[in-house]
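Q: Please find one structure pasted underneath; my questions will follow.
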Amino acid sequence: MEEDEIAGYVTAYLKKKGFTQTEKIFQEEFQTNKTNSSPLEPDIAKHILSFSQLESGPARFHDGYSRLRSWTHCSLDLYKHELLRVLYPVFIHCFMDLVAKGHVQEARHFFNTFREDHEMMHLRDLQKLEGVLSPTHLEEMEFAHSLRQSKFNIKICEYSYELLLQHLHSTQSTTILGIINEHINFQVTPGQPSSIVDDPEAVTLSGSSQDAANQINQKEIHWGLLEDSLEERLEKASSLLSDSEKGEGEAKEGETEENKKRPVEGGKQGASIKKVKKDKGGSATGKNTKAEVNTVSAAPRVKPELPMPIIPSEVEQSILEDLRNRVQLSSVALPSVSFYTFLNTHNGLSCSSISHDGSLVAGGFSDSSLKVWDMAKLGEQTASSLSQDENDTSQNPQMGQSGGGKRQYTLFQGHSGPVYAASFSPVGEFILSSSADSTIRLWSTTYNANLVCYKGHNYPVWDVQFSPVGHYFASSSHDRTARIWSMERIQPLRIMAGHLSDVDCVQWHANCNYIATGSSDKTVRLWDVQSGECVRVFVGHRSMILSLAMSPDGRYMASGGEDGTIMMWDLSSGRCLTPLIGHTSCVWSLAFSCEGSVLASGSADCSVKLWDVNTSTKVSRAEEKSGNASRLRSLKTLPTKSTPVYALRFSRRNLLFAGGALAKNG
């Protein structure tokens, strides 16, 4: 492959994704190093070629199917009859996808080239499909329309299934993998392949592409909050407090009436009136707090499936104090936002995380380091030191540096690859990090030391998240699995396998009985942590899923994709309530407010958007068709100057924290 051709593919990809600054730098470096550059390594050239084929035209369908066909016919006889079952569904959907995209001539050539392989078993079906000559025929012809809406169920043994996935990933056949994921449901059986070659039940149609997901979604789940949670304790305390305040208020009102009747001095009377007004203001705040608690308390109560850690009394009191002072948010009362900007990162920042109270901010870097900033120390800087920072051109990524040159962050070193995710424990005394070195590390922010290195994944770990109660955490990896861990064990407690591609993000349910995973196979799955079983499959995204968030009551879930689309899901039914459309690039972070009325989203398009959850979950079909629904659901857009948003976090008092690295232009 010529270097100019490779450069063209890379430039086209960067331009499509909107990485204008990276594209400019790449072109400058390419022109500078063109004369002295060494030949590109074959493996790198192969990967670039696969991406170019993915972005290219109809040739990718012909080439992908041809490779799959050749590999299948050359496989071992023991597994060949099972693998051959995959060819026909892939063949007809490649053909229909080409027609749907308007490549009619290429579709006819593809159809005529490979139809002989399937004429013996599917002659009548091929004769019907032969009449599909335009995209409108796919909708008008009942048979073609039903095929596109249906899903094939294929029986296959576990080893054949693994062989197929390994082939698709090793050949970078992303187009064929996408077709298989969307239109084929594998019924994987343990042991050796079936001895019946012509099993009539080996390949069946499920009647709808959603049937397989719907079958899983029939399982019962309990989405409520945990029994005896802190929110429930606060509700009980608030009800007792409101009763006592009500009695005090009646007594004070009686005293006020008596004071009005007495001949008193104007100054004292004014003071008395002021006091009454102040008390009324305080009681109003109490009412708001009670109303907010009732919003969350409407959720049912469930028992934990995992042993819950004991919360120290001082920590519990601190959390309850935050909950009592929480600000009530709504569509007319939006949150305040505190944005942390990383400066001078030199494109080295891979991830960011913010503690629950916003006092600690972490950044994971491509040089395998994890750095944690203490906001209290940064706040002690003088105006002169801040002015010095703005003109600083050192290579150390920083949010600030003291005048004496002492760094204001804590450096954690131990990983041997880029750090892709970081997560603070609920109290902030621990932080987890995951890396390309396939490990997860637990660090102490109190002692500034590495405590444990967890090994279990075989490939890079893309995400790691502490559970809402701490102690337990979940991870997701390139090995297509998610795993549940506890801090006290170096081996995972559960392994969740079922995705057909990378598991890019993971999120805990509010009651800790479930975790959700988002994957490059364009699906989101919900897993039971006790059994490790998949209990929900959410299908609807058109790109890989990069972020997830659970509502505080555990009823809804939001997922963000690479194409900028956000989807709101009902966990009970497994259905998409509504897509939230507004971002123009990848959605990297999502967060619900503490009472669940507002959803915040952070994107690579350098903006934070606030969405009305109540409107989003109660939209009519007429609004959906008219296109006004999305505009109504978007409450506000908060653009940054030039900072993609890496992380979002609502504090327990409903202050929104956000973080990202400044991307310099020009």
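Each residue's number is its place along the chain shown, starting with 1.
Here the Cβ of each residue, glycine as well, is placed from N, Cα and C on the backbone.
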Q: Look up region 'Disordered' in TrEMBL and report which of 31-50, 191-210 it refers to.
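A: Based on what TrEMBL states, region 'Disordered' spans 191-210.
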Q: Using a Cβ-Cβ cut-off of under 8 Å, list the residues of the same chain that are 6+ residues beyond the ends of the repeat 'WD' (454-495) and lie near it.
A: 306, 308-309, 311, 417, 420-427, 430, 432-442, 501-508, 510, 512, 515, 517, 519, 527, 529, 532
Q: Under an 8 Å Cβ to Cβ limit, what residues of the same chain, 6 or more beyond the ends of the repeat 'WD' (538-579), are close to it?
A: 209-210, 213-214, 216-217, 221, 223-225, 295-296, 298-299, 501-502, 504-511, 516-526, 585-596, 599, 601, 603, 605, 611, 613, 616-617, 619, 624, 629-630, 633
Q: Let's see if you can do this one: DSSP helix, strand and coil counts over the repeat 'WD' (538-579), in that order.
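A: Summed by class, the stretch gives 0 helix, 24 strand, 18 coil.
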Q: Could you give me the DSSP helix, strand and coil counts for the repeat 'WD' (496-537)?
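A: Looking at the repeat 'WD' (496-537) with DSSP, the answer is 0 helix, 24 strand, 18 coil.
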Q: By DSSP, what is the split of the domain 'TFIID subunit TAF5 NTD2' (56-184) into helix, strand and coil residues?
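A: Computed counts for the domain 'TFIID subunit TAF5 NTD2' (56-184) are 101 helix, 7 strand, 21 coil.
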